[in-house]
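Engineer: Before I ask anything, here is the structure I am working with.
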Amino acid sequence: MKEMEIKLTDSTLQGHLEVPGDKSISHRSIMFGALADGKTTIRHFLKGEDCLSTIDCFRKLGVEIEETEEEIIVHGKGWKGLEEPKEVLDTGNSGTTTRLLLGILAGCPFHTVLVGDASIAERPMDRVTVPLSQMGARINGRSEGRFTPLAINGTKLRPIHYELPVASAQVKSAVIFAGLQAEGETIITEPQLTRDHTEKMIEQFGGSVTRRGNDIIIPGGQTFKGTDIYVPGDISSAAFFLVAGAISPDSEIVLEKVGLNPTRTGIIDVLKDMGADIEIQEAQIAGEEVGTVTIRTSNLKGVEIGGDLIPKLIDEIPVIALLATQAEGRTVIKDAEELKVKETNRIDTVVSELKKLGAEIEATDDGMVIHGKKGLSGGHVSSHGDHRIGMMLAVASLVAEGTVILENAEAIAVSYPSFFEDMDRLIQGKKS
Ligand code: S3P
């Protein structure tokens, strides 16, 4: 599936859908399952390439992981159960796997080498290796440890008080994993609230962590007990259908069992702000908040998006940019420099690809400005190997006049292997 021709013009989307499991939670469930004592059973795990990379790395670290149609079963033997791998660990396209593994391996008494794909090789790892080195970690890598390949020689770690220079859940989580192994109490101060799945999972596995304002306090020397995990639907995947439903004519989509952790629901805030016809029903708690979200064709208006909202929707900005092309007036996205260090530079890739479809969109230093409402045309576009750019462009093809040809559509399998099947089911209006 290198190049894919998509023609979904003027489609109406109808039906119910349960999107695949949350990527962030799926990664962490394997990690904590591997570090815990005993069996962890994970339901609704995301079998996307990124999370499969995490499974592969932990298998190479000596952890037994069974995969069935319905479940993943991790047979953890505690921190001490991890073994020195005989091979290089390949984290593929996954920033979460690479950065969180660094925090885990920093305290494990053996040597490991981490390598990823061409995109990972360009992504900054010093944001993790700097605080881990302050804790005593021995990590070497290309460009003085800034990039993969990285070699880690695990050692005893000391606690630190670390003020995160960027709002990043990956950096926070890497330091948390190191802090869990340190002798004493580690404190992390975050500049803005970021996704807190690691903190929630520590508690689900019987450990402890405290939040005081912007501080997260992690007692060292913790051990965990295996448990059962249900992974809610990924709101970052649901986002593509929320936007598709809002901008396609005569549409109504009901998304079931979507994760509604308040650190992740920025897309819902933006849709409401834009005036979308959206409803949230019966949010229940299952370790993480879960609920049903209904979206219908909407008349939208432009908005300003920035500040503390950005970490709550950072992965949704590509599809929010598309949404803004179909909203009356100007949408400004600011304070989002972090987009430059994602799977691609998402300021560049969003602007260049949407322009090819006729959007009025300009890049700024820390985001973008979109002028709507603008009819989109067909065109030849590329995912640039970035799953979220690929899915955003596939959704764009629903409202484009003419054929959209999407290159490198295979990248979508990183987080949503069944994306086109699910889209097709809604186009047919079949109830899933
Ligand atoms: C993630 C955190 C975010 C997000 C990424 C997943 C996580 O990255 O963009 O897709 O699972 O912790 P940053 O920590 O770099 O903001």
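Cβ from N, Cα, C; glycine included.
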Engineer: In TrEMBL, the 3-phosphoshikimate site includes K23, S24, R28, S168, Q170, K342. Which of D56, D308, D315 does it also list there?
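Structural biologist: The record-listed residue among the candidates is D315.
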Engineer: Highest Cβ count within 10 Å among the binding-site residues S24, S168, Q170: which residue is it?
Structural biologist: S24
Engineer: Could you check the binding-site residues K23, R28, R123, R388 and say which one's CB has the fewest neighbouring CB atoms inside 10 Å?
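Structural biologist: Result for the binding-site residues K23, R28, R123, R388: minimum number of other Cβ atoms within 10 Å at R123.
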Engineer: At the level of the C-alpha atoms, what whole-angstrom distance separates K23 (3-phosphoshikimate binding site) and G95 (phosphoenolpyruvate binding site)?
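Structural biologist: That separation, Cα to Cα, works out to 11 Å.
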Engineer: Pull out the recorded positions from the set R28, Q170, D315 whose C-alpha sits within 10 Å of the C-alpha of R388 (phosphoenolpyruvate binding site).
Structural biologist: D315
